[in-house]
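Asker: This is the feature table in TrEMBL:
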type	residues	note
BINDING	197, 198, 199, 200, 201, 202, 203, 204	ATP binding site
COMPBIAS	13-25	compositional bias 'Basic and acidic residues'
DOMAIN	111-477	domain 'Kinesin motor'
REGION	1-94	region 'Disordered'
């Protein structure tokens, strides 16, 4: 795809200014705000840098990272030692402990955690003469060589760093950081996992956003955050079933050109709520709907989408099938950096409502615990930041890149405002729909993990530096986490009605299967 020579200069300037590393709060690489829960540096291990920033990691309760022989290929051996997968039992133990855990009222600060995921070098990068410029020092450190006349390397410290050259990186990421979040969701807390990074850095792959639902039927573990989170979540719900009635539902939306599109609603269901809009999808012109009627609202529980379709799910397979269904109409396109580039931010959410059963006292099961719990798990795949000189985008794709970068810039401004500390007067959540939806996840009632995806390619070193700075700022955000265990009479009635509808649907499905069996046996 060639570069358009007649590109209006004002559009080029607008796109350059919309890049996420253009941060009015941090125009240079100087020091970032200190992380609220960071561990004080010891006298024996000071870290001093002039170019870039290094932050100390907080104390972390999780599986230790073991190292083995260096990874071979793609210069990975120079980058890091191989990370061994966490034992499977460690993540399942998190879920198994949910029922026995003492439920207590909880409102506490929770710092945003950040993991860095480094994808392998790609063939086209090697053919262009790229070298491996990233060095990982597990479990916390990332270093980059100097840029633009700097004399010292850039050093960053995060909650965890992973080399995704093999499945061991995926195992460690999930077992150490994601599985504990799933456990908290089962206890009535909100959680968010969002992937951020430049276009082509492996966000969609790391999240497993395009995974095949048939993975759920295979004996091997599914790959990616979303499939593994769904499997673990429904395993945990199965353990809670004796004590709690559970209703679970999914929503799936994309933010395209700052418009919200429902990926689970067919055009025919919108009852006039759609207007045709010509779009380029993977090189072919299609008529994609522009949806109206979805509004971002707030209540005592936080932000929610009014008018979005909520689909009940009873298993990980149900949830994955809806993910696949939504992905089939997600807006994607091709450019020089990625042949299947996401042109929108997507937010996949599973919501849980759990009501304690009235158990007879002679069952021997514990009868303490909240009468009602609800929670939501946001799984977010952000579109990648872009520079036109790298992507070669023109026309519609170029306009999309501007909108993507604007949304990410708005997100960066929110992060900058949240890290100013007690002196901040205004957080610009309303500057974009993306930041409105993420209001709970950043600074609100959620336990949040950002997965910063980067490439080791020297061709993308500036992009990588921008991503690492962005992620470092996010680590300074403190959310106010609380368990969602309060319910009004009206909400409880609504839950019981939904449970009856769900039960009727199960009965109808069983009757249908029974009739089919009778016909086949006749």
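Cβ atoms are placed via backbone N, Cα and C, with glycine included.
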Asker: Does residue 202 (ATP binding site) have same-chain partners at least 6 apart in sequence with Cβ under 8 Å from its own Cβ, and which are they?
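Answerer: Counting only residues 6 or more apart in sequence, the Cβ neighbours of residue 202 (ATP binding site) under 8 Å are 117, 119, 164, 453, 455.
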Asker: Around the C-beta of residue 198 (ATP binding site), how many further C-beta atoms are within 10 angstroms, looking at every protein chain?
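Answerer: A count of 25.
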Asker: Starting from the Cβ of residue 200 (ATP binding site), draw a 10 Å sphere and report how many other Cβ atoms land inside it.
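Answerer: Result for residue 200 (ATP binding site): 27 neighbouring Cβ atoms inside 10 Å.
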Asker: Looking only at 199, 204, the binding-site residues on record, which one has the least crowded Cβ, with the fewest other Cβ atoms within 10 Å?
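Answerer: The binding-site residues 199, 204 were compared, and 199 has the fewest Cβ atoms within 10 Å.
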Asker: When you measure from the Cβ of residue 203 (ATP binding site), how many other Cβ atoms are you left with inside 10 Å?
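Answerer: There are 25 of them.
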Asker: Counting only residues 6+ apart in the same chain, whose Cβ is under 8 Å from the Cβ of residue 201 (ATP binding site)?
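Answerer: Residues satisfying the criterion: 119, 384, 453, 454, 455, 460, 463, 467.
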